[in-house]
Amino acid sequence: MELKKLLKDLCNAFGPSGFEEDVRALIREQVEPIADKVEEDALGNMTAWKKGESDRVVLIDAHTDEVGIMISHVDDKGFLRFATLGGWDARQFPGTRVTLKTKSGFVPGAIGFTPPHITKPEERSKAIPTENLAIDIGVKSKDEAAELGIVPGTPGILDGPFVSLPGNRAMAKAFDDRAGCAAAIKVMEEFSDTKLPFTLAVNFATSEELGLRGAKVSSYRIAPEIALVLETTTAGDFPGVPGHLSPCIMSDGVALTVADRTMLTSPKMLRFLQEVAQKNEIPHQLKQPLFGGTNAGEIHLSRSGVLTGVLAVPGRYIHGPSSVIDLHDLDCMIKLAIAAIKEIPKRLM
Ligand SMILES: [Zn+2]
């Protein structure tokens, strides 16, 4: 499938942490025809395997989940309270639209806010704690909400449909990390007719946003020797962010992690990725330490240690419903991952 269409479908899919089944179904359609085996584990990781000339494993990882919400309480009038799944800034919530997923389908709703007509000026400048917010799904009672399948534990997301922007840019929710998922599929497609010297495992990980939970168990099962994590990371090149607090820049190419809160990239791996990028003339940049964290944090510490690198697409306003990326950067990430896989047997194994 064409990259932009694939990315659009993946971003529009519903998949907060722990509820990524729609995303997995889309990915499965793409990888099943080209993989030797596709397996899912108890937590919700899905791994596509491509058997090579040896049993030594190289892992490509991307996480399927997006930051989301979960209904915590339904009151007598049918208003819903919610908890957060993953790292949110509560200032984004008031007045936004949500989609909740029940056993029988999707339910739309609005996170209510008090209009300026009835608030005092000093109230308008304050952030409202999430616990004080409520979702309105247009019902009048707890029973009506229950008829729609809304109960404590119902998962949800903030709406943010995929929209193309000028140039090669786009706006959507969930680029973190559906951009990585799209890239991982494209990398797998590239080698569909090739017998690699090693076995390739492409893992689509669950629950990264809840503390790298999926990667913790998948890296044990897959037992890789080398891993590349494909991510979307924070670009800070917009008004209000000083340069020293901007982890990377949109449209400047794929971002390489030097160190973040979960991993210090081995200088051997970082040098390798930089040299492969230079040799292949792939635009790339170093991501400023120490912002963020990725599945690499768990993967590199699994078993007896895994040589791990992180490639990321810079995304503005990530962990929000209207993130912006440049597809040129995504293309750079795909090209570098492909070039690295070709070089790994010569340089790292
Ligand atoms: Zn991510």
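From the backbone N, Cα and C atoms, a Cβ is placed for every residue, glycine too.
Because TrEMBL annotations are produced automatically, they should be read as predictions rather than curated entries.
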H63, E231 bind Zn(2+) 1 per TrEMBL; candidate in D9, D22, D176, D193 listed for that same site: D176
Further Zn(2+) 2 ligand in TrEMBL, beside D176, H319, within candidate set E144, E147, E209: E209
Entries of H63, D176, E208, E231 which, being recorded positions, have CA atoms within 10 angstroms of H319 (Zn(2+) 2 binding site): D176
Whole-number Å value for how far E209 (Zn(2+) 2 binding site) lies from D176 (Zn(2+) 1 binding site) (Cα to Cα): 10
Other CB atoms within 10 A, centred on H319 (Zn(2+) 2 binding site): 19
Recorded positions compared (D176, E208, E209, E231) - the one with the fewest other Cβ atoms within 10 Å: E209
Among D176, E209, E231, H319, the binding-site residues whose C-beta sits under 6 Å from ligand 1: D176, E231
Three-state secondary structure, H319 (Zn(2+) 2 binding site) (per DSSP): coil
E209 (Zn(2+) 2 binding site) and H63 (Zn(2+) 1 binding site), Cα-Cα, nearest whole angstrom: 9
